[in-house]
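To start, the structure itself, in structure tokens.
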């Protein structure tokens, strides 16, 4: 009872502290922004993403993750793509990114084609947003319309990348607060985490989980024990050994965007502590109900995921609309 009261108090504080207008919601994003300036942009990105995902289905998750990590730092402004220079400290080497993000060459590849057709028109931030949608569809996920018209920032924030992004070992209350800070609800959070149904994780990010409370959450299920043994073969207990070894977060349908990840959480087999917390945390009264709903109803999951991706994509950097640009090369500010 005492824990329940603490949770309700903390939840109320979060709502009071983090209820505010979503950044950039009144800024000019439209579905037809490129209608006259680059009418082929959606087709170009779709065609390239088809090739890229066909080459390796993991590229779908890579693109979605890039978009997520971009939007949680300064809004969806392409800041995550900037390389470090003598005058700019980028976000790529921040602790949540350095061993997690890939896909920069994918963005380069698509951007080069777009620039050849419509030079100086389509922002890298829009490229990421459209690419994440197409990546989702190509592995079986839902469709949504993508509002466009974002500008690329001329800045990045190593500090915000370090503090704003959720981490694999983080507790539920802390993660909820990070989503609330971005104007995203608990429902948005649980739906967006569903993207892990096609994601991969490195040993360094799930070692503490498989040598920690995995036994407890999976209730010593014999099948779970077999799964756990296979995970420990991939990821040795010693820190530094096999850190970069990877495995799927959804071990049932790792290349298919479906609701399987929520069934994984129901079994107590979530690979990341941050995911499993949504179902087994003492503070997970609301999240537990949502996880169960999405496990039972894939249509509800798809519908909310689409809405939440649009909502996340609308977290904008208002400064970029005053001082932003359309980068010619997504890695560098224009000279």
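Positions of Cβ are set from backbone N, Cα and C atoms, glycine also.
The signal peptide annotation in TrEMBL covers 1-19. As annotated by TrEMBL, domain 'Plant heme peroxidase family profile' applies to 28-334. What TrEMBL records for 38-118, 71-76, 124-330, 203-235 is disulfide bond. Look at TrEMBL and you will find 65 tagged as site 'Transition state stabilizer'. Annotation source TrEMBL lists active site, proton acceptor at 69. Taken from TrEMBL, the feature Ca(2+) 1 binding site applies to 70, 73, 75, 77, 79, 91. What TrEMBL lists as substrate binding site is 166. Feature annotation from TrEMBL assigns heme b binding site to 196. Look at TrEMBL and you will find 197, 250, 253, 258 tagged as Ca(2+) 2 binding site.
If you draw a 10 Å sphere around the CB of residue 203 (disulfide bond), it holds 21 other CB atoms from the protein chains shown. The least crowded of the disulfide-bonded residues 38, 76, judged by other CB atoms within 10 A of its own CB, is 38.
Within 8 Å of the Cβ centroid of the Ca(2+) 2 site, not counting the listed residues 197, 250, 253, 258, the chain contributes 198, 252, 254, 256, 257, 259, 260, 261. Per-residue confidence over the domain 'Plant heme peroxidase family profile' (28-334) averages out at a pLDDT of 96.
Note on the binding-site residues 70, 91, 250, 258: the fewest other CB atoms within 10 A surround the CB of 258.
Counting every protein chain shown, the number of other Cβ atoms lying within 10 Å of the Cβ of residue 69 (active site, proton acceptor) is 22. Long-range Cβ proximity for residue 197 (Ca(2+) 2 binding site), meaning a same-chain Cβ under 8 A and a gap of 6 or more residues, is found for 249, 250, 253, 256, 257, 258, 259, 260, 261.
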